[in-house]
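Heads up: the structure comes next, in structure tokens.
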Amino acid sequence: MALRRILRIDNPDDKKILTTRCHPVRLPNPALKQLVADMFETMHAASGVGLAAPQIGITQRLAVISIPPVVEERPDGSKVEVAPEQNFVLINPEIIKASDQEDVGLEGCLSLPGWYGEVPRAAWVTVEYTDLNGRRQRIRRATGLLGRALQHEIDHLDGILFTERIRDLSTLKDYSEEMAPTAAE
């Protein structure tokens, strides 16, 4: 596995790649497993939830998503995992159905680190894709973080940046200093 450089929206050369509609992945592809491993490693190192291939300079319709486990605290203070981590490898994904209802939520992007804005998204989506084993899969009516991540990563594959979805640009703010660890941490 290898860390890849994440392209940035504020770099003109990178932005050309980030705003390009990606080509379908041709299968079988022997190099794909290594690329996917690199993408997961890069995404986790950057504390991300999703990463699309164009974010590392590859204009193919490929994305990875990692939804963290859901942990609840019990009355005695102990913690219990109520939903496991979910990892997805999305090859040639497409949204086949989307809710007419919108959900506005705070969203960021590894290609614009530290910046977040309120982005309207469909309240749920159904997505079809091919998995790493070459099988067609379907995620039905994905909501919450998974639904938002699917829409965000598929936008990347279509050359659309999350900043283009923001209706009120005054909600786009740099939180990097607020999120930086203090000397005591």
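Each Cβ is built from the backbone N, Cα and C atoms, and glycine gets one as well.
Taken residue by residue with DSSP, Glu153 (active site) is part of a helix. For Glu153, the entry in Swiss-Prot reads active site.
Per Swiss-Prot, Fe cation binding site is recorded for Cys109, His152, His156.
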In whole Å, note down how far the CA of Glu153 (active site) lies from the CA of Cys109 (Fe cation binding site).
10
To test your reading of the Fe cation site: which residues beyond Cys109, His152, His156, same chain only, put their Cβ within 8 Å of the Cβ centroid of those residues?
Gly50, Ala52, Gln55, Glu107, Leu110, Ser111, Glu153, Asp155, Leu161, Phe162
Does His156 (Fe cation binding site) have same-chain partners at least 6 apart in sequence with Cβ under 8 Å from its own Cβ, and which are they?
Leu18, Ala52, Pro54, Gln55, Ala63
